[in-house]
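Following: one structure in structure tokens, then a few remarks.
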Amino acid sequence: MASDLDENPFLREPPTDFESVEELSATAAREQAEQLREAIRHHDRRYYVESDPVIADRTYDALLSRLEALEAAFDLDDEDSPTRRVGGEPVEEFDTVEHVAPMLSIDQSGDAEEVYEFDERVRGEVGPVEYVCEPKFDGVSIEVVYEDGRLIRAATRGDGQEGDDVTRNVRTIRSIPQVLSGDPPEFLAVRGEVFMPRDAFQAYNRERVERGEDPFANPRNATAGTIRQHDPAVVADRPLDCFFFEVLDSSDGWATRWEEDQALPEYGLKVNEHTERVDGIEDALAYREEMLERRDELNYEIDGIVIKVDDADKRERLGATARHYRWAFAYKFPARTEVTTVREIAVQVGRTGRLTPVALLDPVDVGGVTVSRASLHNPEEIADLGVDVGDKVRVERAGDVIPQVAEVVEDEVHGESHFEFPETCPVCSSPIERDGPMAYCTGGLACTAQLRESVVHYGGDDGLDIEGLGERTVRQFIDEGLLTDSVADLYEIDADELVALEGWGERSAENLLAELDATKEPPLADFLAALGIPHVGAATARELAREFGTLDAVIDADAEALEAVPDVGSVVAGQIRDFFDSAANRAVVADLRDHGVDPQDADVEGGDELAGLTVVFTGSLSEHTRSEAQALVEDHGGSATSSVSGNTDYLVAGENPGQSKRSDADDEGVPVIDEAEFEELLEERGIDIE
Ligand SMILES: NC(=O)c1ccc[n+]([C@@H]2O[C@H](COP(=O)([O-])OP(=O)(O)OC[C@H]3O[C@@H](n4cnc5c(N)ncnc54)[C@H](O)[C@@H]3O)[C@@H](O)[C@H]2O)c1
Ligand SMILES: [Zn+2]
């Protein structure tokens with residue numbers, strides 16, 4: 001369970017107690033908006049990039065609505081706000097590609113009242129309409145482009161404008177044709193949802209558990225994790241499937257969504273059999289009830305239905321906001337819940353020492369997933385719920401990961417909770433320190449739980465990726481006394497000690513020592529990520545490395561300098577400062593250095609020649625990839641953003657530029673320049689390009 005979500009109240013706390021917007025001062029509103037943006041970006045990354053979300057979708061949705069409300073009431077709009085974009089940034093390891101048309105999100109609610117409002121607005125603007133109703137598949141959205149009937153590209157949604165090029169992976173999915181059949185249009189870009197069928201997901205998870213790997217929490221995470229694999233052979237091995245549900249662009253046009261849905265199967269593109277055209281909103285509501293009843297019969301997860309205006313002209317007239325289409329609405333299903341009994345309340349200790357209470361439950365099937373533990377977040381949550389061992393509770397799984405205890409339905413002991421939160425750490429017996437609703441063990445790395453978690457993190461995917469240093473091994477090293485003080489102890493282990501351990505031989509010992517040796521000159525960014533500074537994941541670590549260049553410069557940076565780094569707000573800046581201000585953490589870093597770990601300086605190229613300049617790139621450039629060009633601008637103090645706004649100075653258009661950016665540039669009066677002109681501009685500012 002994640003344990004690094006600390007100070008920012010919106011990183012974890014369910015926002016049930018927002019004060020009303022009117023009661024806030026402008027300063028308080030601005031501060032809250034900043035915390036919300038930071039939290040939402042963090043959760044977006046966990047959800048879209050890492051496929052490992054840590055809060056419930058409902059909680060996430062509430063954070064987003066709150067931010068929207070603040071921005072509207074206090075005029076706090078900001079072009080980089082997560083309310084202005086969908087999804088997560090593309091991931092650096094893949095090529096970034098621009099979509100032929102924006103891939104937006106869908107406005108949604110589980111409340112019929114809002115569905116009626118949607119219908120009224122639609123009819124108010126374009127008159128009477130027919131709707132097409134479809135299941136809302138809970139998978140991963142992709143764009144697939146065919147030219148002359150051949151698959152040329154597939155991309156994830158990314159931030160809605162550009163996504164990751166996952167063509168090689170998508171080619172391995174059997175239900176997505178490489179070559180279209182029938183008489184397809186010359187150009188066809190379609191949107192669909194990739195998913196893992198439920199039975200395949202269960203079989204796959206069983207295999208993982210047998211191999212000693214963690215099971216995926218749900219089919220959506222399994223799909224998201226698979227589609228971003230670096231090895232297409234791994235993808236081919238996993239059972240993915242796909243439904244197509246939208247033509248993004250085509251050399252042929254269809255007058256209605258319904259006709260589109262009839263045409264796609266003729267080309268071999270799979271659509272969903274439950275799609276229906278209905279006459280008005282009442283029928284759409286009836287469709288939803290029917291699908292809700294049938295959802296457990298389906299071999300794939302759905303989390304609601306999508307209601308779409310059928311007529312293409314009317315859709316065009318309705319248009320879109322920055323985040324969603326105005327012609328579609330998702331009517332979500334309620335969360336899946338079941339009642340079960342609390343057997344025990346356990347307290348886990350995370351890497352940062354944070355104590356998280358967890359309810360251990362009689363296992364219960366909640367919508368196809370066996371739930372045997374549910375997060376209780378913190379001591380206050382236990383008190384609020386009044387939950388005790390022996391109580392019957394309702395657990396909830398809202399299309400997401402960590403099941404929650406929603407309420408106590410039958411109280412064994414009556415009244416408030418008698419569970420006593422420990423005064424000392426259940427692992428190391430150090431005193432516990434309270435910070436607001438949170439509780440922490442004060443033992444630091446002397447606490448074996450914290451030591452274990454920090455070493456696992458150091459060697460994990462988000463750290464230095466040390467093969468052979470999994471959770472079980474780390475436990476063994478701690479139990480056997482090979483790891484006692486800090487992660488630096490790793491570098492003192494020798495072959496004889498390893499071979500003496502149960503389950504170790506010469507080969508495995510040699511391999512691990514070689515792996516450890518190979519991590520002695522890590523790139524600065526990887527090293528920073530491996531330290532496990534709260535909120536500093538791979539992306540933020542890269543930004544820090546790029547900004548400061550050396551480890552010492554990061555350690556010495558003051559809060560102001562840290563805040564100047566993209567993606568780092570005041571909260572994260574404070575966390576980084578606190579981390580390096582701690583004598584214990586500094587000692588760990590010094591200890592690692594004494595053992596020969598020498599993080600390599602990162603390139604901090606250039607200076608501030610482009611300070612104040614904001615550019616947006618579109619299309620493909622010939623001299624650089626787009627991310628190189630963006631990095632070039634940023635390295636020289638400029639900023640490269642992904643969407644055109646009034647603040648943009650230039651739109652740099654390469655080959656096949658995106659139409660939406662061009663028309664935004666026209667609307668905003670932003671000059672459009674080509675690659676040669678861009679290079680001239682760099683030279684004028686004294687930047688030597690080659
Ligand atoms: N828990 C978290 O930390 C966290 C973080 C980010 C987002 N989220 C959740 O993600 C959701 C928002 O994300 P989103 O914008 O990716 O998706 P969405 O739920 O708003 O819906 C849009 C998506 O629905 C998909 N879809 C499925 N069937 C469809 C159909 N028949 N027609 C059209 N589209 C269909 C599309 O791929 C599209 O991407 C919210 O539910 C939010 O709570 C959660
Ligand atoms: Zn402890």
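Keep in mind that glycine also has a Cβ here, set from the backbone N, Cα and C atoms.
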NAD(+) binding, same site as ASP57, ARG58, THR59, TYR60, ASP61, SER105, ILE106, GLU134, GLU193, LYS308, LYS332 - TrEMBL member from ARG157, ARG171, ARG354: ARG157
Additional residues surrounding Zn(2+), by Cβ distance to the CYS425, CYS428, CYS447 centre under 8 Å: VAL349, GLY353, THR424, PRO426, VAL427, SER429, SER430, CYS441, GLY443, ALA446, THR448, ALA449, GLN450
Which of ILE106, CYS425, CYS447, all binding-site residues, has a Cβ with the fewest other Cβ atoms inside 10 Å: ILE106
Of the recorded positions listed as LYS136, CYS425, CYS428, CYS447, the one whose CA lies nearest the CA of ILE106 (NAD(+) binding site): LYS136
Assigned element (helix, strand, coil) containing ILE106 (NAD(+) binding site), judged by DSSP: strand
Secondary structure at LYS136 (active site, N6-AMP-lysine intermediate), reduced by DSSP to three states: strand
Same-chain residues at least 6 apart in sequence whose Cβ lies under 8 Å from CYS428 (Zn(2+) binding site): CYS441, GLY443, ALA446, CYS447, THR448, ALA449
Helix, strand and coil counts within the domain 'BRCT' (605-685) (DSSP): 30 helix, 16 strand, 35 coil
